[in-house]
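Have a look at the structure below before the remarks.
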Ligand code: AMP
Ligand code: ZN
């Protein structure tokens, strides 16, 4: 498999640290609010990548953290007259509801930063011992200049970064680009005991520490949204590699923004749609289709029209599923004959095309095209004359290719029953209106689908016959 490594800015062959395994860390949400579908894009993208690794036979240890202590969390707790821990508990619960709603697989571990404070303190102490960090009045800063290679992720020299940072000169720091590892407590803030007095961890150190603790000193893939590359990921590399002397992550992956009117969807710009709201009107398959219809490194401009067109596309895909599900119930032949076996084999080209596209840096857009091609072929070649076995195998293949995308796993069966009930009601109405031609037509159409209506004293019943 090939993936684009943000660190080298090249597509590279994926070579895991341990054959057959992927150790992957994705920066998760700060849990002070419902997440929006911009965050959702990043979660869906890396969920898909994880699922695809699993599809290709890898065992994936997938860690996605919750940032449950920072300025925004403290502000929210003050606004709501509650504690930071309560805000965290609440929005972690809400995260799971929405992530489950979007069919995002649960991570192997979802660590909360506040559960790792002692490990973070140990990490920072290690950096101080090695001369990579210093304390000033209860704060601890990373001594950036001492770390060779600072700027290697964003490809900027330390001098450029220094001149960029000069605007925010902070007297306490040795250098404007030094960043906080530990923050001394301010009045009203939650705090933990540490060798530097009461305080709390900085954001960057949390991820470095949790990745090391849960996945090891060197991991395969570290990922997050594009906005995290600098300074968050750059700082993570500096802290981790300064402490261990080892490469922190072999591959860095960044997903592009979901935009609105060509601006990043974000809470601060107030141009967001929460996942919760989106899920009220659109199915998870539709939202995932929208996100995965573009390559993950290409920005995607969100609009209502785009969502509606994703809905229409997903309907086309599910029509094929419904068609096969109906055929499975209705066809007369059981087993495939030789010709059908050959036909089924011919469908392998779509699986191969799909794999080729996904193996090439997770090109979900082209992989979806391969699924459409498969469906077109199935629609024009599988029909009431086909065998049940062929219909089942074709449906299995659609579901197989939908699996890594987290799509196309639902049955349309429930909706078939609803459809029949609806048609029966329509027929009753037609009879009341003395429109017997329409009533008969509805009955005959259903009969053609092997559904027989029976008028009983208790009302209309239906049954399926073969
Ligand atoms: P946050 O809760 O803001 O830390 O964000 C959680 C994740 O969502 C991070 O990986 C961000 O990079 C990502 N993210 C935030 N906004 C967007 C957006 N508009 N498009 C894609 N990813 C985003
Ligand atoms: Zn992080």
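Every residue gets a Cβ built from N, Cα and C, even glycine.
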In TrEMBL, of the candidate ranges 249-253, 254-258, 259-263, 264-268, the one given as motif ''KMSKS' region' runs 264-268
TrEMBL feature coiled coil, matched against 272-306, 307-341, 342-376, maps to 307-341
Hits among 27, 207, 267, i.e. binding-site residues with CB under 6 Å from ligand 2, come out as 27, 207
Beyond a gap of at least 6 residues from its ends, the CB atoms lying under 8 Å from the coiled coil (413-440) belong to 322, 325-326, 446, 451, 453, 460, 462
Taking the centre of the Cβ atoms of 27, 207, 232, 236 as the Zn(2+) site, the remaining residues of that chain with Cβ inside 8 Å are 203, 204, 206, 208, 222, 224, 228, 233, 235
Note: in the chain of residue 207 (Zn(2+) binding site), residues six or more apart in sequence with C-beta under 8 angstroms of its C-beta are 25, 27, 65, 232, 236
CB < 6 Å to ligand 1, subset of binding-site residues 27, 236, 267, seq order -> 27
